[in-house]
Every structure is written in structure tokens, then in C-alpha cells.
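Per Swiss-Prot, the features are as follows:
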| type | residues | note |
| --- | --- | --- |
| SIGNAL | 1-22 | signal peptide |
| LIPID | C23 | N-palmitoyl cysteine |
| LIPID | C23 | S-diacylglycerol cysteine |
| DOMAIN | 42-162 | domain 'Plastocyanin-like' |
| BINDING | H81, C146, H151, M155 | Cu cation binding site |
Amino acid sequence: MKITLRMMVLAVLTAMAMVLAACGGGGSSGGSTGGGSGSGPVTIEIGSKGEELAFDKTELTVSAGQTVTIRFKNNSAVQQHNWILVKGGEAEAANIANAGLSAGPAANYLPADKSNIIAESPLANGNETVEVTFTAPAAGTYLYICTVPGHYPLMQGKLVVN
């Protein structure tokens, strides 16, 4: 397999992100929120933490079958971000993020095969707000991530579906 510059950069960024995450404190970095107990439509506001590679909420709660609108605010002035809800665990989230690298910005940094993606926002440019509406899946815990190259290791959270 030929190792390209792009692959080397992704590997270095991923390794750096893992080191930074391992050095982080043990405290909570985000709250739980959501409109979860009802069955009516709910809008949840979430954003990025300024120029950090982090969501401002790391856990959201909704009810199975509920119509959910995620209003994602990119609070960075310069970076692009997105909000992607993944069907499957961490391995599937990593596969989606890695495939997004090859897909590029024209494809929202998402693979052509979206069978393991429950919901996806458009790319949000600096200080832009985007929305995605979907029906909450069956009860369980699902990961949401940003698939912009290098962001996935730090930009993830959990959607808890009751």
C-alpha cells in the first residue's frame, strides 16, 4: 500500500488527538440535554466550543420515534464542522470518519455508502448554524461525531434514546 502525505497527516493528527484526550482531566466537559421524555417534536441546540475540537454538549437525550431537529452552531471563526449521528459503535464511527477523508468537502466529508449514518448535517462554515431533522432510532446509545479530517478523535458525543 502506498502511503500518501494525506494519510501521514491524518495519522499524526489522530495520534496527537489521542495524546491530548489522554492528558485531559477527569471532569465532565459537557452536559446532558434534550427534550427526551415527550413524544412530540424536539429541537436541540448544540455547537462547537469556539476553536477547540469539541462539541459543547457531550450527551443528548431523546425518545425513540421522536422527531428531532439538531440545530448545530459552529462557534469557530475559521474551522468547518458537521454533526453526524452514527448507527453502530466506535469502530463504525472511525470507519465513517476515515472514509470522509477521501470523500472530501464536496461530499460533506462522508462516504458514498451512508447505510451506517442515521442523520447528517451539512458542513457548517465559521459562525454558521445548520440543521438536520430525523426520527430518533430505537432505544439505545448512539455516537455523534464531526467527520472533518482530524476532528473525529475529539469531536464526539452520545445520543441516548429512551
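Even glycines carry a Cβ here, placed using N, Cα and C.
Owing to the predicted nature of the structure, the values given are computational and were not obtained by experimental measurement.
Within 8 Å of the centroid defined by the CB atoms of H81, C146, H151, M155, the record's Cu cation site, lie the Cβ atoms of S48, L53, F55, Q79, N82, I145, T147, V148, Y152, L154, excluding the listed residues themselves.
Across the range of the domain 'Plastocyanin-like' (42-162), the DSSP-based residue counts are 17 helix, 49 strand, 55 coil.
Comparing Cβ neighbour counts within 10 Å across the binding-site residues C146, M155, the minimum falls on M155. In the shown protein chains, 26 other C-beta atoms lie within 10 A of the C-beta of H81 (Cu cation binding site).
Counting Cβ atoms from all protein chains shown, H151 (Cu cation binding site) has 23 others lying within 10 Å of its own Cβ. Looking just at the domain 'Plastocyanin-like' (42-162), the mean pLDDT is 97.
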